[in-house]
Amino acid sequence: MRDYDEVTAFLGEWGPFQRLIFFLLSASIIPNGFNGLSSVFLMGTPEHRCRVPDSANLSSAWRNHSIPLRLQDGRLVPHNCRRYRLAAIANFSALGLEPVRDVDLEQLEQESCLDGWEFSRDIYLSTIVTEWNLVCEDDWKAPLTISLFFGGVLVGSFISGQLSDRFGRKNVLFVTMAVQTGFSFLQVFSKNFEMFAVLFFIVGMGQISNYVAAFVLGTEILSKSVRIVFSTLGVCIFYAFGYMLLPLFAYFIRDWRMLLLALTVPGVLCALLWWAAKINGIVAPSIIFEPSELQDLSSQKQPSHSILDLLRTRNICVVTIMSIILWMTISVGYFGLSLDTPNLHGDIYMNCFLSAMVEVPAYVLAWLLLRYLPRRYSMATALFLGGIVLLFVQLVPPDLYYLSTALVMVGKFGITAAFSMVYVYTAELYPTVVRNMGVGVSSTASRLGSILSPYFIYLGAYDRFLPYILMGSLTILTAILTLFLPESFGTPLPDTIDQMLRVKGIKYRQTPSHTRILKDGEESPTVLKSTAF
């Protein structure tokens, strides 16, 4: 049976076709960079207070004192969700009584915002929060919408592989890009929160399916040397580029419907990829696989393995549990910090751009660490960096808010670098017979982490630093946990469960099956190239 690279050699090494496919497939990832995180601006919550209708017969003094004050970050600010009972203060106003001087405001009865809210338009002209009043008693709906998007990503990750195998990578790539772009367009015409949320779920399904199809198609079409760069820096850098475009669009388009409409345009432009192979003019040979090769391939029987094999021995069970914790924590940290940019001091658009920009050096650093340094210490160092600086945020004085923002960006840098390395590290820990299942289970844990991440940010409404304390503490604990994982750098990939590297600190019974002696002519296990994510 010939090597896969030998079979696909007719496609070329780095000719016009390879370059075109590299850049167009990478460009198809750009919409993924801003679709999921577009919620930062689509669901932005501006400053708001209870509306006091013009029909209320209030003096200017009572109108200015109609909203009770509350303590926030050490200062008194108007309450977002309460007002003094309008009938009572209207009566005081009619009697000519003055607030504070004649009436003790602390003794007045309060009520909810029965006439709606007034929203500041300093940052946003409109968001789904301002249009459908997703504040106060309904403030849980915004994070739920984001979680539903990531729920769609979870569902899409389950079905995308099967669809690609059955209907072809190219067909699935363009269908899912159409789903992602088309349903984003339909969101523009959402009549209510429920319609928007359901459509966002479908957009999430299309996004991950498009990503998986593009990734697999690129690794199959591109030559071996180009494939490594595509699967690491190519995909990640173009994703970050899409992320950086998001605040640029949002800065100039501050109405959520028009912003969402503008964000669908790059997805339409990706349709140009369909004609890439025709433009190149490459003609495939009449026979790619010889009949004898197909017969040999069909005669090979692969031993069956189930997901329960991930728990078969103590060692692989511990590796699986630790991998799930590692992936979930990293995902919570990455998406939590990405979604938290509106809550940072300073300009929201600049903060979002910086959050995207720090990903580029993080991806490059991760690539270098994977290439030259041990996995375990590289992962732990990145996680320690991300976790420690997040814990320091609460110690920064309020007037040094630029320092707080810088620490958050350093934390994002460390967690992004860890996110980039965890794919390769996890793949190297699992043996060939269950590697796909092991990485799949870990990836599912990552999706669950992304679903939870909006609620970490939601906790910031109760304590501004609580999200950072939780994410920082979890990240540091995970970094410590990583130090107990085996080191896979430069070691052969295990083929069987018995050949797996051992977790530190666990005693094992030595059995003859733990030692494998190669027979004459038998090839040693392969080593996963450290240049790939």
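Positions of Cβ are set from backbone N, Cα and C atoms, glycine also.
No curator has checked TrEMBL annotations; they are predicted automatically.
Here is what TrEMBL records for this protein:
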type     : residues : note
DOMAIN   : 88-490   : domain 'Major facilitator superfamily (MFS) profile'
TRANSMEM : 20-43    : transmembrane segment
TRANSMEM : 140-159  : transmembrane segment
TRANSMEM : 195-217  : transmembrane segment
TRANSMEM : 229-253  : transmembrane segment
TRANSMEM : 259-277  : transmembrane segment
TRANSMEM : 316-336  : transmembrane segment
TRANSMEM : 348-370  : transmembrane segment
TRANSMEM : 377-395  : transmembrane segment
TRANSMEM : 401-425  : transmembrane segment
TRANSMEM : 465-485  : transmembrane segment
Two-stretch contact, the transmembrane segment (401-425) and the transmembrane segment (316-336), at least three Cβ pairs under 8 Å: yes
Among the ranges 140-159, 229-253, 348-370, 377-395, 465-485, the one whose Cβ pairs under 8 Å to the transmembrane segment (316-336) are most numerous: 465-485
Close approaches to the transmembrane segment (195-217) from elsewhere in its chain (Cβ under 8 angstroms; 6 or more beyond its ends): 25, 28-29, 31-32, 35-36, 128, 141, 144-145, 148-153, 155-157, 159-161, 163-164, 169-170, 172-173, 176-181, 183-184, 186-187, 231, 235
Other parts of the chain folded back onto the transmembrane segment (229-253), taken as Cβ under 8 Å at six or more residues beyond its ends: 22, 25-27, 29-34, 37-38, 40-41, 214-215, 218-219, 222, 259, 262-263, 266, 338, 348-350, 352-353, 355-357, 359-360, 363-364, 367, 420, 531-533
Reported mean pLDDT - the domain 'Major facilitator superfamily (MFS) profile' (88-490): 84
